[in-house]
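As recorded in Swiss-Prot:
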- HIS163, CYS198, CYS202, MET209: Cu cation A1 binding site (BINDING)
- CYS198, GLU200, CYS202, HIS206: Cu cation A2 binding site (BINDING)
- GLU200: Mg(2+) binding site (BINDING)
- 1-29: topological domain 'Mitochondrial intermembrane' (TOPO_DOM)
- 51-63: topological domain 'Mitochondrial matrix' (TOPO_DOM)
- 85-230: topological domain 'Mitochondrial intermembrane' (TOPO_DOM)
- 30-50: transmembrane segment (TRANSMEM)
- 64-84: transmembrane segment (TRANSMEM)
Amino acid sequence: NNFFQGYNLLFQHSLFASYMDWFHAFNCSLLLGVLVFVTLLFGYLIFSTFYFKSKKIEYQFGELLCSIFPTIILLMQMVPSLSLLYYYGLMNLDSNLTVKVTGHQWYWSYEYSDIPGLEFDSYMKSLDQLNLGEPRLLEVDNRCVIPCDTNIRFCITSADVIHAWALNSLSVKLDAMSGILSTFSYSFPMVGVFYGQCSEICGANHSFMPIALEVTLLDNFKSWCFGTME
């Protein structure tokens, strides 16, 4: 199963994304097993057709095998799939912090609904504003800061055209549409800064509305909240 772990995928930095990565590897392993089995089965059928062509033989065992094998494969896919759906449902039941994300042409606005007065706009930094080590076209003037090991509910919407709030390293992509509030919950087990971009073509400056999400310790998050509201 680990043969395909992380194959062609980014390293995932959240629990749910890690489970999805494992499920992808598990399915790839199953598909490889199915490919080998079907190849051997067809080889056996072709061989037996020519070898026993003068005899009348009923392939009852082969028919039974072709009925049981797909059923087992489907059950092996169903169990982890339902487990992931159940886990995702539990994540959406409870949250410790709600962050409202609004897409504009061409920047993002963040509002912490549980912390009165904490809201700001996030614009891409120009080249002359970048500090050493900050990525070009991805760094912003105000990052969205959240605490780690905390269940966060994100509410995504738009103030104008359709946008998409996407962070590939977290397996997050949700459309931001005017008049519609899309929600999802996430928990981040590790600290760090994660970058993304609007992945819906939204106008001339579509390529210049990046996303910067900073995950930090709870004490640092509290200090950041007080400092931002001053």
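Glycine is no exception: its Cβ is also placed from the backbone N, Cα and C atoms.
What Swiss-Prot annotates, mapped onto the structure for a quick look.
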{"residue": "HIS163", "record": "Cu cation A1 binding site", "Cβ within 10 Å": "30"}
{"residue": "CYS198", "record": "Cu cation A1 binding site", "Cβ within 10 Å": "25"}
{"residue": "GLU200", "record": "Cu cation A2 binding site", "Cβ within 10 Å": "18"}
{"residue": "CYS202", "record": "Cu cation A1 binding site", "Cβ within 10 Å": "21"}
{"residue": "HIS206", "record": "Cu cation A2 binding site", "Cβ within 10 Å": "16"}
{"residue": "MET209", "record": "Cu cation A1 binding site", "Cβ within 10 Å": "21"}
>> Which residues of the chain, 6 or more past the ends of the transmembrane segment (64-84), have a CB below 8 A from one of its CBs?
In response: 16, 19-20, 23, 26-27, 30, 34, 37, 41
>> Using DSSP and collapsing to three states, where does GLU200 (Cu cation A2 binding site) fall: helix, strand or coil?
In response: coil
>> DSSP-wise, what's the residue breakdown of the topological domain 'Mitochondrial intermembrane' (85-230) into helix, strand and coil?
In response: 30 helix, 63 strand, 53 coil
> Cβ within 8 Å of the Cu cation A2 site's Cβ centroid: which residues qualify beyond CYS198, GLU200, CYS202, HIS206?
Replying inline: GLY103, TRP106, VAL161, ILE162, HIS163, ALA164, SER199, ILE201, GLY203, MET209
